[in-house]
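> According to TrEMBL, the protein has these features:
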SIGNAL    1-19  signal peptide
DOMAIN    21-199  domain 'Plant heme peroxidase family profile'
ACT_SITE  H62  active site, proton acceptor
BINDING   D63, V66, G68, D70, S72, E84  Ca(2+) 1 binding site
Amino acid sequence: MRAGYSIFLLILSLTVCNAGKLSNTFYKNTCPQVEKIVREIIQIHTRNNPSLGAQLIRMQFHDCFVRGCDASVLLDTVSNSKAEKEAIPNQSLGGFDVIDDIKAAIERVCPKVVSCADILALAARDAISSPFKKSMWSVQLGRRDGRVSLATEISGNLPSPFANFTSLVQLFKGKGLNVNDLVVLSGIISSYTLTFNTCLSHRFTALIH
């Protein structure tokens, strides 16, 4: 539970600039089924893809580090301006199809109510939590979706494949995070992608690739 709570605090620290007042009951009156819908679809997908938790946490990390948690990583390229998902570090992201499935299901019940940023936050939490049969942390809701997504903004905001520990620490520090946050994020990703391998060097390799 401590690890889950640490991830919650890490992600929450990056969401404030893209939200009004976050709340556990943000959709209580407008879309009370939202968490149930997300949870049920995630359960279906994780049966066939045990690494989905790592994929969605990584996607949220890549989203939050650029413009805050605004789901700009989900936007497609428009005209001649390449979107974030087209940038090289994001071309290996997985789970877009899952977010699309969830969005479609929610729109059928609560059209134009739930933000994609909130969907990503809930989906990442539920995919990580799925093996434990319970939610590992609470997700406050109320994020706003961004309308700008530029591949050119990725450089300097996401770790380079050649980043060393010192540069990773500096990057996290610039986002208001610390070494503990770095270890928690890299550890949770590697735990799923490397079958709970506890080698710290592998954890950092999983984070930066």
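Cβ atoms here come from the backbone N, Cα and C positions, even for glycine.
Automatic, uncurated: that is what TrEMBL annotation is.
From a predicted model like this one, the values you see are computed outputs, not experimental measurements.
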> State the mean pLDDT for the domain 'Plant heme peroxidase family profile' (21-199).
87
> In angstrom units, rounded to an integer, how far apart are the Cα atoms of D70 (Ca(2+) 1 binding site) and the residue listed as 'active site, proton acceptor'?
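About 11 Å separates the two Cα atoms.
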> D63, D70, E84: which of these binding-site residues has the highest Cβ count within 10 Å of its own Cβ?
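Comparing the binding-site residues D63, D70, E84, the most crowded Cβ belongs to D63.
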> Taking the Cβ of H62 (active site, proton acceptor) as the centre, count every other Cβ atom within 10 Å, in any protein chain shown.
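I get 22 for this one.
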> Expressed to the nearest Å, what is the distance separating H62 (active site, proton acceptor) and S72 (Ca(2+) 1 binding site) at their Cα atoms?
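Pair distance, Cα basis, whole Å: 10 Å.
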